[in-house]
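Asker: Sharing a structure here in structure tokens format.
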Amino acid sequence: MEGEEITTNNKEALSIEQGQLRGDQDHEFSLPSAHTIGHDSWQQVGLMLVTSFNCGYILSFSNLMLVPLGWTWGIICLLVVGFYTAYANWLLAAFHFINGQRFIRYRDLMGLLFGREMYYITWVSQFLTLLLGNMGLILLGGRALKEINSEFSDSPLRLQYFIVVTGATYFIYSFLIPTMSAMRRWLGPSTVLTFTYIVILLVVVVKDGKANTKKDYAIHGNKADRVLNAFGAISAIIVCNTSGLLLEIQSTLRKPAVSNMRKALYLQFSVGLVFYYGVIMVGYWAYGSTVSEYLPGELSGPNSVKVLINAAIFLQSIVTQHMFAAPIHEALDTKFLKLETGMNTKENLKRRFYMRALLFTVNSFVTAAFPFMGNFVNLFGSFTLVPLTFVFPSMIFIKVKGKTARLEKNLWHWFNIVIFSLLAVVTTISAVRLIVNNVQKYHFFADT
């Protein structure tokens, strides 16, 4: 009876978006979508997660995570947060189905259980995460192109030119490859590029580490700085392990979607995690507390290796960014395309062109104006990803299973809600402080 009452009271929150369902159609789908649903294998999704979380972002993590935490606390936080994030995603995957309904969007699930207000809170949190993440990837691509240009010129072009090129490239890819499922043919090349640049990078970094005999692993700054920077590092660790769009990714999976999503997560948190954690630790070991926020900038050479690594990072980021931007494209396509016709009709192609162009124009402009890579990572890992990853799944558990679950399970999830809500507040303060410091340090459109 409670489930029926919730469904009735929140029917309005569930009918916000309209369109036509594509893919595996049956009664389990609660809302329509312009994109393909229930089509992909767990291997495809697992590979997408592994390559996406091993994107060039990991090259900033030695600086963002281990420099503020040092070896001992750094390793502890990497392991604890990694395990906790895997558990939280594993838990959330089970709520893809409730009472026979399949929830293909996180916000729809929160709207059903907690009402219209939580629908919009989740919607805003997710889209802020995805937009900021996309800006970070645009900045990453621009930095890679600038590093290549620096190898061939004594006076390289400003970073902003490369940000524009990156944004335009991402736009073209998103227009030609409109959905997450359509990425399948690109995952093979993305995997090759991912492990090519990681393996070459590790070889050069290990060589540099052996030659560097004066490594400083001390944590610098006053006590207040060290504490706030440590929470910023924890926020960055959360970012490197989760996306805040698990249900949207899970919607692409064929049945059984819950067990298939969990198989994909096992792949991400085993094979995938070994590589990006490996880069984090090896980078810090080689250069210590002076490690750059963009690891290839530290490499000793040769120049051809730097060019190859940065070229691979740029090309791989084109595929990676699409996974994080796909839910935004899905929302816009579902709202504005004429879904009674095909996705590739003349009218829908025109509308898709305009929507993608507007999105990447705005994102590229904002990225060019605020080119501070660390800020993007810390900010969307704090007040958006912490609730989406840790707080909301425990809220869902209590709402759906709280009356029948054992007392210790309910207490466990209330503990998660309180602790991670506090963590979201503290990490957000740390992120805002970093932004303020960088705004004072850099001017708009700084050539960083």
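Just so it is clear, glycine is given a Cβ too, placed from its N, Cα and C backbone atoms.
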Asker: According to TrEMBL, which stretch among 119-139, 308-328 corresponds to the feature transmembrane segment?
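Answerer: The range carrying the transmembrane segment annotation in TrEMBL is 119-139.
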Asker: Out of 45-67, 159-179, 226-247, 353-373, what stretch is closest in contact terms to the transmembrane segment (267-287), meaning most Cβ pairs under 8 angstroms?
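Answerer: Going through each listed stretch, the top one turns out to be 45-67.
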Asker: Counting Cβ pairs under 8 Å that are 6 or more apart in sequence, does the total for the transmembrane segment (226-247) and the transmembrane segment (119-139) reach three or more?
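Answerer: Contact criterion met.
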Asker: Under 8 Å, at least three CB pairs between the transmembrane segment (119-139) and the transmembrane segment (186-206) (pairs 6 or more apart)?
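Answerer: No, the transmembrane segment (119-139) and the transmembrane segment (186-206) are not in contact.
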Asker: Find the member of 159-179, 186-206, 379-400 that has more C-beta pairs under 8 Å to the transmembrane segment (73-98) than any other listed stretch.
Answerer: 379-400
